[in-house]
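Peer 1: Submitted below is the structure of interest, expressed as structure tokens.
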Ligand SMILES: N[C@@H](CCC[C@H](N)C(=O)O)C(=O)O
């Protein structure tokens, strides 16, 4: 089975083409492949599939390093856009893709930049999913004997955003996993720690569901900016700095789609032998 290793701002992926290959992957197998010592190593595995409706070019499935299947991956969408071109699966510069929960338009720009229309952020508790009877801009959650103020949003996957004075590794290591499996989130959540530098510039670290802290998270950057705009802390165009590099996010507010722009890189191609038992 052929695969490509790709990365976007240090968030790394294995992409497998299930359009031209016959592929069946079990969750335990994905988890083993994700092992950085005895497998290939990646934060997410993306499975490219044929479109399930005529207006789309491709469908894709997303698996976290722990083998769990999820339904949004922003950095992955940009890598997917680069991948389908590299492999000659399309020559379109505007590519329409879907996951189980979202449709996205991927636009290949100049100089390795890729812009993705991520759709509109969704703050409704039921769609996130988040256990709350009312919709609020700020929720208070009890974690590690602290009351944390959080913004909560779905970008097709759940995100909980905490605004912090400074990014503190100890706090991220403690709060990330606890909030990630807080009982208010029946499907778990990604946890973003956002330091606002000014209205156009934030620093962000994300403790991802199913993968731990990553070098960068695309949907996390979109989520943080949408929460910042919703709370009138940020302007509509925001530069997001993460450990692995930078993204530009643009969201004009309710009724508008959110756009994410950044790079996507091909690292190498390989073959997984089906006898592989790590
Ligand atoms: N790194 C991704 C998000 C991947 C999925 C996430 N861990 C989840 O479980 O929802 C991105 O760039 O968006």
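Just so it is clear, glycine is given a Cβ too, placed from its N, Cα and C backbone atoms.
Remember, predicted model here, so these are calculated numbers, not experimental data.
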Peer 1: Taking 44, 96, 171, 231 as the options, which does TrEMBL list with 11, 64, 74, 75, 157, 190, 208, 209, 218, 219 at the substrate site?
Peer 2: 44
Peer 1: Determine the recorded positions, out of 11, 209, 217, 268, lying near ligand 1 in the sense that the CB is under 6 Å from one of its atoms, and give them in sequence order.
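Peer 2: Within range of ligand 1: 11, 209, 217.
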Peer 1: Given the substrate site residues 11, 44, 64, 74, 75, 157, 190, 208, 209, 218, 219, which other residues of that chain have a Cβ within 8 Å of the mean position of their Cβ atoms, reported in sequence order?
Peer 2: 43, 62, 70, 72, 73, 76, 206, 211, 214, 217, 220
Peer 1: Under 8 Å between C-beta atoms and at least six apart in sequence, can you list the same-chain neighbours of residue 73 (active site, proton donor), or say none if there are none?
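Peer 2: Correct list: 44, 46, 62, 99, 157, 218, 219.
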Peer 1: For residue 219 (substrate binding site), just give me the three-state DSSP call.
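Peer 2: Note: residue 219 (substrate binding site) is helical by DSSP.
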